[in-house]
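Remarks on the structure that follows.
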């Protein structure tokens, strides 16, 4: 394995959600520990599942993994980090300032921006703590899905330059004082990330066009900010021995080989390793040990076929239920890589085919929609909330309004204020709230961003709800976006997941988060199911049998409505292929 050769002190795994970077980072940590290395495995993912993989509770302090000698682990929970960060800043001023001032400061520190800063603080501390490298030979970071990872890794440079040029702080950066004390740490973190002698970045992908395109963008963006020591790992490759088993296996194998032969520009030059698709889920040390075996192609498996597709669990039944309301907001939520874009497009096309007026829109920073929906329908409008464009529009609006009467020094300060990372969150939310107003007259189908971004989006929505409620007081009736999201008559939230242990668990966690915000998911879609795909391939049959318990968990514990969507022989791009999903 190329990525395992001469590993430096820091190793980062990144990639779209669901590609297996947690499994590979855990397997790498086990491999290094078995070679006698002292290893620290760190998760900075908001939906962390390292503890689930090792069947052990892992918190925000370093602790040994009981099943693997020489391996320790740490999970950084951004929400917990934000709470501790708030306490550090607010507690010292309680009793010194009036209560309303303290409450105002606390509220300013309750948004998504503070959560990012707090998580970044912990991330930076690990990268710049020299004592850790006396305790550990390698520190492995299991990072979040691609969009979040890029932002996380860009933060050192962004905050470092922002603090350097704006020593007086800025209105939207509540915890600036705390950041100022650690300015040298940020510079050292950037230095460590950019040093190929100390840091290696492993891009993890599956042999799917959209996943490879996203990894190529990640490669370009990280290279542009100085992280050039990159390797590529392609996970879940179907072995050639399965190709002759049946039509589905042959189609999957052919599709993967074509993708491998036509890697996007930039990726083909990277040192690359391929990992075979495994018959079992990657949970537990014994399963993980076999993952990095280059010669582990499956040679013999029992011939077992999953049972037929269950009744009333097709996507068409779900769409028929949605159509009865004749209009409304349909929001698809879930971890990145589970197929939200494709499911949103399939539902939108199906509703449009039924004669309804439909607006399909996305806030996904990766912008997959244009590639997924390659065609047009008369009564289907397709749009994208572009984070970059919306941020620029928001900046200009603020400069033209709030900045109109400022002197030159004030304008410069405001411009710097608008360069902070939280500005994009505000801008995207404002665009999002404009779109959902249309749902009173037609169907609005939203393909939302991956899990971490979705939670930040909902946090922004809640903050906006509180602000409107505060301003309106008792003056009359009003409806905020949050109120619309909470109303199942007007909004149907669909959770999209895969029939695998970790994606189901993460979707269940997302459901809990939504319910705490007063939002109750209307149904679940389990995508890419082999269990209902009628395959005769022994390996694919084994994978299908692994799905059944997870489908039962969703059905019995989490979802009031459920749809199963099979793995397709051809990638579902274009209107005709999307129609085949709704059967």
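Quick reminder: no glycine exception, Cβ is built from N, Cα and C everywhere.
Quick look at what Swiss-Prot annotates:
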{"type": "BINDING", "residues": "15-22, 334-341", "note": "ATP binding site"}
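Recorded features from Swiss-Prot, shown on the structure.
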residue: 15; record: ATP binding site; Cβ within 10 Å: 28
residue: 19; record: ATP binding site; Cβ within 10 Å: 27
residue: 21; record: ATP binding site; Cβ within 10 Å: 27
residue: 334; record: ATP binding site; Cβ within 10 Å: 28
residue: 338; record: ATP binding site; Cβ within 10 Å: 28
residue: 340; record: ATP binding site; Cβ within 10 Å: 29
Three-state secondary structure, which DSSP defines for residue 340 (ATP binding site): helix
Residue 15 (ATP binding site) - helix vs strand vs coil (DSSP): coil
